[in-house]
Ligand SMILES: Nc1ncnc2c1ncn2[C@@H]1O[C@H](COP(=O)(O)OP(=O)(O)OP(=O)(O)O)[C@@H](O)[C@H]1O
Ligand SMILES: [Mg+2]
């Protein structure tokens, strides 16, 4: 392979890695929007909290020693998912449910308020400076090309991100398409009132979507935290915006759309940063958002709003 | 089985039901007729708690239900075929039916599924098709089938014949009579007053949110004022 194509391949690998985590976060936006039609602006903060919890658990367990690394990561993942879910659930109960049925703008303001609150709450309790974690997973699975020209590497960390994302998305897809509650989620997304008329407590289904979204954001929080090695209380804002862009790109409300949108956005960003000054990557990402909103507001896989009979 | 006592319902400032009192006895087919905008749908949905009655009492099998949430009420043993069918168009026929039996155990679900597919063989043919791709008549059958999946003792139907071909309407009315013979109590809202009154034991006439007349189906069918207003003279 030529040097140029090796370079391109590397950017695609990097893009798919970041894109996977966008996709994980985007699920939370898309599922909540699909059912109650609101943008949960505090969702990025849930991701950030997931990162913090994983860092705290990992640091703590490593300090105690005597645990194998995979076990440490697994425990950190479970704890982060659990705590982030609790936050996700609580945010809905406290800040959104009381406002349901009122003006959309009011719910949006409440969501922005919640987002600022969570940011400052973490900044106050954990400090607002960067927290770093020494790389835990090093080495690469695959190396292509040679050092003299250009070497393509797929690191173990990247592979871990791919595998965890793939497993999570497969589990989510099976849950939504096969399980009784997953079916109820889809029914709620189509007609919340009718689902209620079948005796189903739709408030519980709404809570469930917040919990699932938060748990997936926490997975992304752990993975990206390990990948970059540094977190701070403000990472949720940008990550949230990117994931939201991914959700809109794929078609907000659509779960496969969020997955696809995340990957497309990740790769687009990586390619932009590779061939243009890297400051352009956010410009391109949000340019993409504006373009989609202007020309195809339903996104790639979103259905046009069907008129209800 | 179902009793409404002096029920009033408001949409914000607008009062849609005024002091409505209605009774549906076990095993009966009771119909509610009235012009567009009379409040028929409002009355039926008030029973389901969506919207809630602003005053008055609603009793289902002797229990006062007007303060319960919609989902609580709908788990009591009644089911609704709402105006406009409201099937889940992205879900398959099988999934729609499953949604109707959300709280049934496997045995009850399978028994009721057999029963519903027996009533509507068409649904069996379309079993794995998405609800939204079916014809209007098939969708109405699915909406009724979905309601029946919970094995309700009382079935509320809101204009099940609306927009359907005469032959399908005929089928739907036959199914309603058959359900009654199987022990399901029926409360039927219809604009198709002629056919509804023919199968009904009793009927109520609603005008501007008020019950203005109630009698046996037969009596209403031959009543002059009713004939003029709802049966085309
Ligand atoms: N969601 C709502 N908000 C405000 N007003 C409503 C609402 N739903 C119905 N109404 C009003 O309440 C009155 C009764 O409406 P309803 O739908 O119950 O009538 P209906 O008898 O079912 O009519 P149709 O035969 O057309 O179905 C109407 O004046 C209607 O405009
Ligand atoms: Mg109506």
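Each Cβ is built from the backbone N, Cα and C atoms, and glycine gets one as well.
Source: prediction; values computed, not measured.
Feature annotations, reproduced from TrEMBL:
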- A:12-34: transmembrane segment (TRANSMEM)
- A:46-65: transmembrane segment (TRANSMEM)
- A:71-91: transmembrane segment (TRANSMEM)
- A:103-122: transmembrane segment (TRANSMEM)
- A:156-176: transmembrane segment (TRANSMEM)
- A:205-228: transmembrane segment (TRANSMEM)
- A:283-302: transmembrane segment (TRANSMEM)
Under an 8 Å Cβ to Cβ limit, what residues of the same chain, 6 or more beyond the ends of the transmembrane segment (A:46-65), are close to it? 25, 28, 72-73, 75-77, 79-81, 83-84, 87-88, 91, 118-119, 122, 126, 131, 133, 136, 213-214, 217-222, 224-226, 231, 233-236, 239-240, 243
How about the transmembrane segment (A:205-228) and the transmembrane segment (A:103-122): do they have 3 or more C-beta pairs under 8 A, pairs 6 or more apart in sequence? no
Looking only at the recorded stretches A:71-91, A:103-122, A:156-176, which one has the largest tally of CB-CB distances under 8 Å to the transmembrane segment (A:12-34)? A:156-176
Same-chain residues at least 6 beyond the ends of the transmembrane segment (A:103-122) whose Cβ lies under 8 Å from its Cβ atoms: 37-42, 44-46, 48-49, 52, 87, 91, 95-96, 233-234, 236-237, 240
